[in-house]
Every structure is written in C-alpha cells, then in structure tokens.
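Encoded as structure tokens, the structure appears first; notes follow it.
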Amino acid sequence: MDVLLPSGIAAALMVNLMVSGYLVAIYFYHEREQAFLSWSLACGCFVAGSLLLLCQHWFNISLNMPGYTLLVFSSYLLLRGVTQSSAEKDTHRWILAYLPIFALTALILALAVFIGISIGAVASLMMALFFVITERMLAKQQDSFVAVVLLLRILMVAHALVMTLQGLSYLLVSSPTIATAGVGQLALFSHLLLTVATALILPMFHAIREKRKWIRLANTDVLTATLTRRGFFDLAAKQLTLPASQPCTLLMIDIDHFKPINDQHGHATGDLVLQQVAKRIQSGVRKSDLVGRLGGEEFGVLMPQTDKREANAIANRLLQQIASSKFMGEKQQISVTVSIGAITGVASRSGLEGLLREADKALYQAKSRGRNMLQFAES
C-alpha cells in the first residue's frame, strides 16, 4: 500500500464506496437478492481493509493482519455473489465449500509473522485464487450470457494475474517497497477496472438471468412440468427453421377415455393421471426431444433428426409402457392407454402447422381404429 499514489488510493476507495452504495440500493430494489448484498459487502470490505493498511502509514499503527484479511474476504464475497446469482440448484453447497478456503487463509495470515511468511504475499496469492475460482464459476454460465460474461471473465483472469505478480514480488524480492511499486500501481488500476465493470455488468447479468427464468416459467406447464402450448410451438418453430436436411418426427399423443376418468374418479385423479403420463412420455423419449402439453389431455413430442423407423420404435415403446403401467389415483389404481398420431418429414421443407395438421389427422385415425394405437400419416 505504501507504494501507491495518494490520488490512486483515494480514487479506488471512493469508487468502491459508491459502487457499494449502488449495489445496496439494487439489493433493496430487487427484493433483497442476496447476490447484490454480497457484491456490495465485497466493495465495503475492500475499502475497510485498505483503510486498515493505511493506518500504519498515517498513525504508525500496524493493522496489517485484519487489513489483508478483509481484502481477501472481499474477493471471497465477490465469488459468493457470483455463486448466489447462478441458476444452479446446489449454489448453497458451493458457497459452503469455498468458505474453508477463506478460513484457512485467515489462519495463515494470523500466523504469518510467527512462521516468517510475507503477509502481503499470502493475501495477494489467495485473492488471485478466488478470482480464478470466480472466473471458473462464470464460465459455467457463459453459454447463456456470452457477451455479458466474457468481459467480466477476462477482467477476473487479468486481475488474478496481477495479484499473482504482486504476491510473487513480495516473496522473491528482498526490497518489496521498491520492487513492487510498479506491480502495486498495476494492481490498483486493475482493481478500479474490475470494480467499475462489476458495477455495470453484474446487475445486467442478473437481469438477463431473471428474464430468462421468468420466460422459462411462463413456458412450463405447472401441472405436468412439460412445455406449455406456446412454449412448445416457439421452440418447435425454431427447431424446424434450422438449416437441416435430416428428417424430424412429430408425435401427437392423446389419453384415451380421459373424460370418463375425470367423471368417475374426479378431477384430482385426472390431474394425477396427467402428471404420471407426462412423466412416462418424458422418460420414454430422448433429452433432445421437445415435449409439451398442447391441450387438456393432449401432448406433443417433436423429435429432431429422427426418421420413421426410429420414431416408430420409440412411439410403440411409449404405447407399451403406458398401457402396462398402473396409474395411482386418489383412492385406487387406474389403467390408462394413449393413442398416437405421427408424421415424419424434412425439417427445412415442412412447416410446423403442416406437421401438426397431418399428425392430428393420424391421431384421429388411431382413435377410430380402437385406441391404444399408433398411426403414421403419409409424409
């Protein structure tokens, strides 16, 4: 800290204070989203740690250990915020997994004076480690937010390299006050860039993730956890507009005699049947296939890059699995069958509406033949 220009120090502290306040405001505005609180505290810890390190120069009071601990803690909080903003379900487990790393660092910092290790080197290298872990956490989410995340990942890597250089300079150079001057200036500049980028990019990153989450919820049928009619049509239309000459198959699946099930056993049992049939369909097709609930008891399955032979095998397997299963109602088990209408065509030549129309005709033919049947339309 002693090698940094006073103006640079003042600028870094002021920017971090303003960004901290800005992120706190967003935290309250976004219904107390924990990621923003972690990012705000990260900036606050950086300011507090820097001020403690400056105490030695201003008042000749050595507070290096708590100062460096707060600086390392600020990088941990940045990682914590990124982890909390992740769409993954096991974020809490990852947050707890990283906490022992910080605890170990704090212990080493406390003992550094007694074991002859440079406290500045330990802090710099551990901060670099947290920045690398943060970059890796961001990389997991890059597929969804390529443009937004890439810049932040680059800054994380750059700042990790700068902190590594600073840590190595403390370890390898006998006169760190002189030798680390340039690295210290570079570290300050790098941190300013990272702070400003964090303030600009992380709220945008969070907003995009929230928007996609609500779109995903809007396109998911609450009862069956399959796509809604709108969600199925939107994704299916995108699949069919991809430049491909390979065949695709559309299945229209309808539960046989569903109205009598509702009338005899009640709508609660009908809902249970719908849920269980949807699970059978989802488990019976491939992960690349789209499954949606198109109507009351009607489901659609779009199977990209699937010819008639392969689709026929999958559809017949679905018929057998559903017909041989016992479905749990509220009070008793119920036997259920489905009828399937199918059409195979070339994605680039067949519009979605045309495929749906032909598959629906084939479904009507399957039902007229006695139900629990598969009928392919002529493509």
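Heads up, residue numbers simply count up from 1 along the chain you see.
Cβ from N, Cα, C; glycine included.
What TrEMBL records for 6-29 (among others) is transmembrane segment.
Tertiary proximity for the transmembrane segment (36-59) is limited to same-chain residues at least six positions away from its ends with a CB under 8 Å from its CB atoms, namely 1-2, 9, 12-13, 16-17, 19-21, 23-24, 26-27, 30, 66-71, 73-75, 77-78, 80-81, 84, 191, 195, 198, 202-203, 206. Feature annotation from TrEMBL assigns transmembrane segment to 36-59 (among others).
According to TrEMBL, the feature transmembrane segment maps to 65-83 (among others).
Per TrEMBL, the feature transmembrane segment maps to 95-115 (among others).
Residues annotated as transmembrane segment in TrEMBL: 145-168 (among others).
Here the transmembrane segment (188-208) has Cβ contacts under 8 Å with residues 4, 8-9, 11-12, 15-16, 19, 22-23, 26, 30, 33, 35-36, 39, 43, 46, 78, 81-82, 85, 144-145, 148-149, 151-152, 155-156, 158-159, 162 of the same chain, all six or more residues outside its ends. If you look up TrEMBL, you'll see 188-208 (among others) marked as transmembrane segment.
If you look up TrEMBL, you'll see 246-379 marked as domain 'GGDEF'. Averaged over the domain 'GGDEF' (246-379), the predicted model reaches a pLDDT of 90.
Taken through DSSP, the domain 'GGDEF' (246-379) splits into 59 helix, 37 strand, 38 coil. Note on the transmembrane segment (145-168): residues 120-125, 127-129, 131-132, 134-135, 138-139, 180, 183-184, 186-187, 190-191, 193-194, 197-198, 201-202, 204-205, 208-209 of its chain, located 6 or more positions outside it, place their CB under 8 angstroms from a CB of the stretch.
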